[in-house]
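Peer 1: Pulled the feature table from TrEMBL, pasting it below:
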- A:1-22: region 'Disordered' (REGION)
- A:34-56: transmembrane segment (TRANSMEM)
- A:93-119: transmembrane segment (TRANSMEM)
- A:94-288: domain 'ABC transmembrane type-1' (DOMAIN)
- A:131-153: transmembrane segment (TRANSMEM)
- A:159-185: transmembrane segment (TRANSMEM)
- A:206-228: transmembrane segment (TRANSMEM)
- A:267-288: transmembrane segment (TRANSMEM)
Amino acid sequence: MTILDKPASDGTAAGDRSAPEVRKLRRETGGANVFSHGFLVFWGALTVLPLLWMFLSSFKSDAEILADPWGLPGALRFENWARAWTEAHIGQYFLNSAIVVAGSLTLTMLLGATAAYVFARYEFPGRQVFYYLFVGGMMFPVFLALVPLFFVVRNAGLFGTWTGLMLVYAAYSLPFTVFFLTAFFRTLPTAVAEAALMDGCGHFRLFFRVMLPMARPGLISIAIFNFLSHWNQFILPQVLMQGDDSKWVLAQGLAALAVSQGYQGDYSGLFAGLTIATLPVLVVYIAFQRQIQTGLTAGQLK
Amino acid sequence: MRHGKYPLIVTFLVPPLLLYGIFVISPYLQAFQISTTDWLGYSAEADPVGLANFERLLDDGRVWNALKNNAWLLAVVPVLTIGLGLFFATMLAMGGRKGRAGVTGVRGTSVYRMVYFFPQVLSVVIIALLWREVYHPNSGLLNGALGAVGLPTPTWLGDPRTAFWCVLAVMVWSNVGFYVVLFGAAMSAIPRDIYEAVMLDGASRWTTLRKITIPLLWDTVQVAWIYLAIAALDGFILIQQMTNGGPNFSSDVIGLRMYETAFGSENRFGYASAIGVVLFFLTLSVAVLALRAARRDRIEYS
């Protein structure tokens with residue numbers, strides 16, 4: 001995407017053409033530039049404004065929020081944040097989400113990478129069948145299987161447990177992870193692997209010592225993708241983590257906060273809770289935006 | 001050289017396969033079986049009732065009402081999202097002033113992309129709760145602006161005539177950025193000399209877009225179409241968190257109907273699974289139809 005930003009080629013390219021033609025082009029594209037920036041800024045504002053409003057409202061008092069939606073906060077009321085963090089247990093849910101995602105992400109990456117590696121690098125009977133069995137799962141939204149899944153998890157004694165959530169998150173992430181990493185492992189050169197095997201390196205050591213390090217860019221992309229989708233997961237915990245609210249994850253906590261806000265009119269608390277949940281994700285996103293954009297879109301382009 | 005590969009294949013493939021089989025494949029299969037029973041959940045009794053659930057579906061006005069809304073989502077969301085996505089991606093990729101024959105992107109392309117992509121990294125729950133406040137009749141951002149310039153301030157989510165369309169707008173809002181980045185990546189993969197050639201031949205921007213860019217992007221557009229069509233059959237989290245299907249079922253969707261039937265005030269698991277099965281086939285046929293339609297168009301262009 002950076003290639004398109006380079007203004008350097010201006011003079012050389014225009015030099016080939018006759019002067020009036022260049023002027024005409026200049027004028028046309030100059031107008032188009034203002035025109036396009038107008039639309040682009042408009043959409044940018046439409047995207048940022050609600051988020052900025054949420055952030056500013058998290059510092060307002062309830063009276064300020066109700067009186068003037070567009071007004072600025074009269075003071076930086078961090079007590080709203082503190083209230084959301086402790087009384088609405090957003091801090092607790094934050095921690096719960098972190099625990100669940102740490103487990104589910106590790107599991108997804110381990111199982112996804114090993115399965116993808118086998119599909120990409122080894123011939124064995126039934127390979128195609130198994131591969132399409134995995135990848136076929138990408139087609140369907142999770143909630144088609146919601147009712148039976150509820151009982152599968154309950155019968156396994158995993159209902160209302162973090163372990164259950166981790167396993168289910170990982171299972172539903174496998175299709176895309178396997179799909180993405182299989183394609184990635186296929187792009188890696190075979191010569192290195194063959195040389196290593198020739199030198200007497202075992203198949204397991206080859207995977208952990210040679211192939212995994214080589215696949216790092218792909219692993220990072222898909223890990224970021226899975227991190228976001230696990231962190232933002234809502235339907236699965238909603239169904240599989242009912243009841244005991246001390247184990248809820250962040251998305252559940254926010255939904256519950258919105259419900260109680262409806263009764264108590266604690267607008268500032270809701271905005272503070274939403275902001276607390278949004279900020280870390282935005283910070284991570286801005287830090288890794290290139291990888292995240294590639295990771296999230298690459299799968300669709302293949 | 002390949003001897004001894006089977007221990008690795010088995011160790012690497014069996015754990016993911018087990019996890020996937022237990023938590024993904026088996027629930028999908030069970031859904032079909034449960035859908036032919038009158039199971040009410042916590043009791044073990046589930047009598048086979050054949051296709052009675054499906055017959056009842058045909059007469060269920062609420063289900064039809066929900067399906068009607070999903071049909072609207074299906075008709076409007078992909079068109080709007082892809083349209084806006086293509087529009088902004090084009091602006092970013094070829095709206096620039098400097099450079100060769102209008103092929104250059106505008107300044108700050110990566111900043112625009114970063115901002116547009118924000119909603120994609122946020123949890124849908126956060127988006128839903130934030131927009132519920134934006135639409136708030138008294139303290140919302142939207143009515144705050146409308147009221148300030150003396151326009152009428154509707155109740156948005158509280159009005160059966162507008163509630164559904166408000167949620168639909170949020171669905172488009174949250175998806176456009178992703179497709180701007182996706183189409184942008186695909187556009188930057190198009191060789192620049194093609195553009196230079198047609199611009200030298202005197203083609204206008206609009207012609208270039210219509211005759212060059214879109215046909216060359218068609219594969220990506222097709223994938224986008226399928227993803228958005230599947231998303232349009234879902235819409236569950238946004239609807240549940242923003243309107244809960246109301247007022248008076250005016251914004252109900254099939255996913256919410258299923259969730260309410262299974263986990264709401266009653267636990268009619270058999271009937272809910274029947275809705276799930278219908279949804280399964282709907283998703284499948286929509287995906288196949290989208291593929292077909294897109295493929296036919298592609299032949300027209302090339």
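Each Cβ is built from the backbone N, Cα and C atoms, and glycine gets one as well.
All TrEMBL annotations are machine predictions without curation.
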Peer 1: Can you name the far-off residues of the same chain, 6+ from the ends of the transmembrane segment (A:34-56), with a Cβ under 8 Å from a Cβ of it?
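Peer 2: Sequence-distant neighbours of the transmembrane segment (A:34-56): 69, 72-73, 271, 274-275, 278.
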Peer 1: For the transmembrane segment (A:206-228), find every same-chain residue at least 6 residues outside the stretch whose CB is under 8 Å from a CB in it, and list them.
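Peer 2: Distant Cβ neighbours of the transmembrane segment (A:206-228) are 101, 105, 108-109, 112-114, 117, 121, 173, 176-177, 180-181, 184-185, 188, 192-193, 196-197, 281, 288, 291-292, 294-296, 298-299.
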Peer 1: Looking only at the recorded stretches A:93-119, A:159-185, A:267-288, which one has the largest tally of CB-CB distances under 8 Å to the transmembrane segment (A:131-153)?
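Peer 2: Stretch with maximum Cβ contacts: A:159-185.
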Peer 1: State the residues, same chain only, that lie 6 or more residues beyond the ends of the transmembrane segment (A:267-288) and have a CB under 8 A from a CB inside it; answer 'none' if no residue qualifies.
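Peer 2: Counting only partners 6 or more residues beyond its ends, the transmembrane segment (A:267-288) has Cβ contacts under 8 Å with 51, 54-55, 57-62, 65-66, 77, 80-81, 83-85, 87-88, 90, 94, 224, 228, 231, 250, 253-254, 257-258, 261.
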